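What follows is a short report on a single structure.
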Amino acid sequence: MKSGLPLNMAIFRFLTIVFMLYFSPEIAQGSQFSSSIETTEKSKLQTYIVHVKQLERSTTAQQENLESWHRSFLPVATATSDNQERLVYSYKNVISGFAARLTEEEVRAMENMDGFISARSEKMLPLLTTHSPDFLGLHQEMGFWKESNFGKGVIIGVLDSGVLPSHPSFSGEGIPPPPAKWKGTCEFTASECNNKLIGARSFNVGAKATKGVTAEPPLDDDGHGTHTASTAAGAFVKNADVLGNAKGTAVGMAPYAHLAIYKVCFGPDCPESDIIAGLDAAVEDGVDVLSISLGAAAVPFFQDNIAVGSFAAMQKGIFVSCAAGNSGPFNTTLSNDAPWILTVGASSIDRSIKAAAKLGNGEQFDGETLFQPSDFPATQLPLVYAGMNGKPESAVCGEGSLKNIDVKGKVVLCDRGGGIARIDKGTEVKNAGGAAMILVNQESDGFSTLADAHVLPATHVSYAAGLKIKAYINSTTTPTAAILFKGTVIGNPLSPAITSFSSRGPSFASPGILKPDIIGPGVSILAAWPFPLDNNINSKSTFNIISGTSMSCPHLSGIAALLKSSHPDWSPAAIKSAIMTTADLLNVGGKPIVDERLLPADIFATGAGHVNPSRANDPGLVYDIEPDDYIPYLCGLGYTDTEVGILAHRSIKCSEESSIPEGELNYPSFSVALGPPQTFTRTVTNVGEAYSSYTVTAIVPQGVDVSVNPDKLYFSKVNQKLTYSVTFSHNSSSGKSSKFAQGYLKWVSGKHSVGSPISIMFK
């Protein structure tokens with residue numbers, strides 16, 4: 001495409017439309033720009049994300065006319081009075097295209113236009129600490145925090161529900177001004193932004209079109225965004241607690257890093273058009289790290305606009321960290337599984353806010369709750385199971401389901417699940433006159449319990465405990481129970497453990513890439529909150545404890561910022577490699593990390609393992625990937641030239657690329673569908689000592705032979721690259737005991753251990 005041609009096409013198209021409208025109404029009525037479109041009912045309008053061929057930007061004039069190029073695709077009915085309303089966003093950086101309010105008929109007409117690639121209706125993407133820094137080995141006086149200058153000079157962009165700028169977690173005291181490259185703006189008053197909170201913007205045009213949201217500043221009216229931003233880079237705040245529990249100093253992972261906030265969520269769902277606009281602005285503004293705690297079910301990468309936008313960010317050297325999703329413990333439930341994204345699963349820390357259910361027969365079962373009132377008596381009260389009437393909605397304590405059950409003054413047992421939020425179950429019990437609640441896990445949640453700010457005395461117990469409590473209820477005509485509050489307890493030897501909700505691999509879009517990449521703290525995480533939980537409206541230092549991969553993601557975003565500060569020359573892929581190859585495989589008790597069943601977790605739950613920030617700062621070797629290295633990989637997925645071009649932001653001919661299998665991408669892990677023997681190559685870059693040698697060791701997957709060539713690597717300088725190959729083949733003598741096997745490959749020197757997980761799916 002010659003420079004300027006799309007602009008000329010746009011002008012020609014506009015003049016043709018004008019001619020048809022004013023001089024030949026008969027032609028106009030019969031054309032693809034039919035006047036009937038003007039009468040399309042507003043109720044049929046949807047927001048579409050439209051991908052078009054890229055307008056070459058060799059001149060400033062062309063760049064300024066990018067919006068005109070996008071407008072030229074809109075049907076004639078929008079060329080006059082309706083135009084401003086219909087064009088939602090014109091994107092500049094992360095996708096080649098725009099968002100617009102269109103009907104199906106208008107989209108079909110658009111498909112015949114030169115330069116059109118694709119259009120899909122937008123998706124609504126759901127929003128997916130005093131102790132976690134210490135749990136991760138980050139200490140204020142020494143170690144990695146000091147070595148990385150606490151993230152000084154790095155800008156973290158957070159796409160979420162906004163922020164409360166007045167919270168002390170966002171104080172700019174002691175933080176230097178942002179780097180000169182920063183181009184962003186603050187939509188709060190000048191006094192509300194500072195050297196910590198350097199930018200805050202709101203993108204709500206999509207939400208306005210679909211939800212009727214009015215224009216507003218990027219103020220957080222949900223809590224999610226304030227929590228995630230402070231987890232990533234909150235300042236030191238002494239004397240933090242939540243309802244008297246988890247007392248200590250609250251701080252984010254990168255306390256001296258800068259924060260740029262992009263509000264793209266207005267309620268629990270986030271319009272895709274607003275998300276892309278936030279991404280587009282973040283790239284333009286000059287962020288170094290993007291933290292995205294939202295997502296949807298996996299689709300092919302060229303249909304996933306977070307993947308498309310993140311690819312553009314990665315091309316500009318921006319590290320992207322995303323939540324893996326909260327759809328576990330079931331396999332193939334991941335969100336954000338593109339290989340240029342760090343996909344983060346959730347694990348527990350060794351702190352719990354304990355409360356026990358003590359039964360009338362003396363049995364006692366530990367659980368968790370954040371609300372622990374000191375004036376609630378530890379005396380036995382009548383105990384009743386909400387599902388005693390046989391109605392499923394009563395068992396899960398759905399709204400209005402307890403009206404005909406006598407629960408007044410009793411402890412009520414409610415089952416988890418049923419699409420009812422955990423805290424809402426307690427609200428139903430309280431409204432029905434219940435005195436307290438025991439919340440019992442479903443079988444799929446196993447032993448994973450959470451500390452929530454319940455509205456009444458409660459405890460959340462495991463599935464196994466629930467079975468025993470129900471058996472006790474059925475064994476007597478007068479069952480009783482008491483809730484005993486035990487407060488904050490630190491020191492669980494089973495932590496970190498995979499929590500039940502953390503989404504699992506394998507990847508849907510690319511099974512040959514092992515996902516998730518890493519796990520990090522995501523269970524009962526304390527961080528800033530925009531409003532008090534105890535109705536103390538005078539408090540400015542408010543915190544909350546919540547759970548989700550949304551909480552894990554900003555932990556890793558902050559750690560990536562620390563690594564970027566410590567190693568400014570590292571690429572996003574090098575930072576990801578350092579995080580993955582140094583991860584912990586054992587819990588604090590020295591045993592393999594377990595899942596919600598208290599069984600050893602597989603690598604579709606853990607990925608490379610649990611993040612170890614200090615080791616990631618000195619990984620020895622890294623597996624680096626240049627942006628163009630992904631093109632042969634994408635062609636190897638079977639994508640068309642156009643589909644690869646959507647991701648690459650340029651024209652691609654896969655026939656001229658050396659397409660590679662998924663497993664050949666220079667990734668720090670191996671995911672193999674094993675039939676005939678397969679060989680993959682990897683290239684490692686020495687970022688440790690100049691003169692160093694590494695020897696390979698392996699925990700070989702059952703039923704598999706693993707051969708590595710060479711089995712020793714000798715380096716003589718920093719940044720030297722060496723390549724090795726790994727061959728996987730069936731081991732006929734050991735048999736094939738299952739459809740899946742896992743293991744690990746490690747390169748070991750006197751100082752470093754560079755690990756890569758291996759997953760094998762037998763064909």
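Counting starts with 1 at the first residue shown.
In case you wondered, yes, glycine gets a Cβ from its N, Cα and C as well.
No curator has checked TrEMBL annotations; they are predicted automatically.
Sequence-distant contacts of D160 (active site, charge relay system), defined by Cβ-Cβ distance under 8 angstroms and a gap of at least six in the same chain, are L127, D220, H224, G225, T228, A229, I261, Y262, K263, V264, C265, S291, S293, L294. Marked as active site, charge relay system by TrEMBL: D160 (among others).
Among the features that TrEMBL reports, active site, charge relay system is placed at H224 (among others).
According to TrEMBL, the active site, charge relay system annotation covers S550 (among others). For S550 (active site, charge relay system), the Cβ neighbour count at a 10 Å cut-off comes to 29, with all displayed protein chains included.
Residues annotated as domain 'Inhibitor I9' in TrEMBL: 47-123.
Marked as domain 'Peptidase S8/S53' by TrEMBL: 151-585.
DSSP labels the residues of the domain 'PA' (380-469) in these numbers: 28 helix, 19 strand, 43 coil. Per TrEMBL, domain 'PA' is recorded for 380-469.
TrEMBL lists 664-760 with the feature domain 'Subtilisin-like protease fibronectin type-III'.
Feature annotation from TrEMBL assigns signal peptide to 1-30.
Secondary structure of the domain 'Subtilisin-like protease fibronectin type-III' (664-760), assigned with DSSP and counted as helix (H, G, I), strand (E, B) and coil, comes to 1 helix, 59 strand, 37 coil. The Cβ of H224 (active site, charge relay system) has 23 other Cβ atoms within 10 Å, all protein chains considered. Summarised as a single figure, the pLDDT of the domain 'PA' (380-469) averages 95.
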